[in-house]
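Engineer: Submitted below is the structure of interest, expressed as C-alpha cells.
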C-alpha cells in the first residue's frame, strides 16, 4: 500500500471516463451504471491455492464434531452425566470463534497494510499447532487452550475473501464466489469422515495402531491428519501464492497517460476510519451475513448432537461413524449443487431472491428435528419415515447453503472503496465470528435444557406447553429464522459494481 502510482492522473481519468466522484468514499454498491465489461478468464491457479487454503478452516472446525461430545463426556468435568455433555461441548465448539472475533479485524486491517500472504501464513501456522495440541489433550482446559490458539492466530477467512475480491471482477465474481461454499462443504464433508472413522484407531484398526499411545489419545489420529494437511498447505502457500496487494494499479501498464509531470501529487490510497467504513450498505450486509452464519453454525452444532444423543434424550442414537457419514452426505450434496447451479441461478434470480430463498429454508429445516424424533414411535427405533425426513432435511440444507455465496457478493460490493475491502471483510468476519461463538453454545445449551425439561417429572405442564418445552431449542431458532428473512428484505435488489483502480490482474498464460 506504500507504493506510489507511477501515473498519478490515472484514477482521475478513470473516474472522469465513467462519471465517478474522485473520492475514496465512492461506494462499490449500487454505483453508476457502466457499459457491459468484457469477461476476463478466472486466474485458476491462484484460485486453486486460495481454495486449498480455505479448505483448512472447515477441516479444523468440522473434524471434531463426530467425537467431541463423547470426548467431553469421558472427561472428569462432566462426571459421566450425559445431560451436561451439550454444555461443555458447545463451549469447546465456540472457542475458536470467540478468539477469532477478538483478532480477525486486526489481521484484516493489517493485511491492508502489509499484504494478504503474511497473514494467511500466520493463520495456517496457528491451525497446525492447534490441531496437534487438540489431539493429545486429556483435560478440558487443554482443549480450551488449543482452540484458543487456532482462533487467535487465524484471520484467514476475511483475508481470503479480500484476495478473491481483488483477483476477480463483476464478470467473474459470481462464478468464483459460488465455489467458496463448495470448498467449505468439501472440508465439511471430509472433516466429519476423518473425525468419525479415524477416532479410536486402536479399536477400529487394531492391527495398524497398537500400543498405549492410541489408547491414551483415542482422538489424536484425526487431529494429526488435519494438522499435517495444514502444515502442507503452509508450504504450498509460501512457495506459490502470489501477493495480490502488489498489483493495485495494473491499469497503468495498459493505459497511456499523456501528462506525468512530477508537479502533480501522486495518488496515494489510504484506509478510511471505521466510522466511514460502516456505511448503511455495509451495516445491512454484515447484519444479514451474521444472521445467516448464526443460524448455520447453530444447525451444525445441533445436528451431530441430535444424531448421537440416545432416543430417550431426544436424539436418534447413531454411532460416531454413522454420524460422520450423515454429515458428509449433507455437505457433499450441497457442494455439488453449488458448483453446478449457483452461477446460472444467480444470473436468473439475482442475489436478493437467492438470499431470501436460502434464509427461508431454515424454517422447515428446524421443524424437521421434532418430526424425526416423533417418527421413532414407541419403540424409539429409526425407521423408513425417519430416513425420508432426514433426506428431506439434506435437500433443504442444500438450498439454504446458496445464501453464503450471495452474502459474499453483497459484502464485497458494499465496501466503500477498493482500499477498504480488507477492513470491510474483517468487520463482516468479526460479526460472523461472534455469531459462531454464540451459536454452538446457545444451541447445544438449549438442546440440553430441552432434554432436562422433557425428563423433569417434578413440573407438570399442559400438553402444548410441555411440547414447547421439550422442543424449546427448535422453537427459538424457528423464530430467529423468521426474523432473518425480514432482515434480508432490506437488501438492495441489484448490485452494480464499478471498475476499481485497485483490481488485480494476474496473468497465468505464461506458466
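Glycine is no exception: its Cβ is also placed from the backbone N, Cα and C atoms.
So TrEMBL lists these for the protein:
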{"type": "DOMAIN", "residues": "46-495", "note": "domain 'Major facilitator superfamily (MFS) profile'"}
{"type": "TRANSMEM", "residues": "47-65", "note": "transmembrane segment"}
{"type": "TRANSMEM", "residues": "85-107", "note": "transmembrane segment"}
{"type": "TRANSMEM", "residues": "119-144", "note": "transmembrane segment"}
{"type": "TRANSMEM", "residues": "219-241", "note": "transmembrane segment"}
{"type": "TRANSMEM", "residues": "284-302", "note": "transmembrane segment"}
{"type": "TRANSMEM", "residues": "322-347", "note": "transmembrane segment"}
{"type": "TRANSMEM", "residues": "354-374", "note": "transmembrane segment"}
{"type": "TRANSMEM", "residues": "394-413", "note": "transmembrane segment"}
{"type": "TRANSMEM", "residues": "434-451", "note": "transmembrane segment"}
{"type": "TRANSMEM", "residues": "471-488", "note": "transmembrane segment"}
Engineer: Do you know the mean pLDDT across the domain 'Major facilitator superfamily (MFS) profile' (46-495)?
Structural biologist: 81
Engineer: Please determine whether the transmembrane segment (119-144) and the transmembrane segment (471-488) are in contact (criterion: at least three Cβ-Cβ distances under 8 Å, sequence separation 6 or more).
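Structural biologist: Judged by the Cβ rule, the two regions do not touch, with the required three close pairs absent.
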Engineer: In terms of Cβ proximity under 8 Å, which residues at least six beyond the ends of the transmembrane segment (85-107) contact it?
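Structural biologist: Residues packing against the transmembrane segment (85-107) from afar: 60-61, 64-65, 68-69, 72-73, 75, 77-78, 119, 122-123, 140, 143-144, 147-148, 150-155, 157-159, 297, 301, 305, 423, 426-427, 429-430, 433-445, 447-448, 451.
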Engineer: Top stretch among 47-65, 322-347, 434-451, 471-488 for CB pairs under 8 A with the transmembrane segment (219-241)?
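Structural biologist: Highest pair count goes to 47-65.
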Engineer: Quickly jot the same-chain residues contacting the transmembrane segment (434-451) by Cβ under 8 Å, restricted to those at least six beyond its ends, or write none.
Structural biologist: 83-87, 89-91, 93-98, 100-101, 290-291, 293-302, 305-306, 309, 313-314, 469-474, 476-477
Engineer: So which residues does the transmembrane segment (47-65) touch in its own chain, when a touch means Cβ under 8 Å and the partner is 6 or more beyond its ends?
Structural biologist: 71, 92-93, 96, 120, 124, 127, 130-131, 134, 150, 154, 156-157, 160, 163-164, 167, 176, 179-180, 183-188, 190-192, 194-195, 219, 222-223, 226, 229-230, 233, 236-237, 240-241, 300, 304, 323, 327
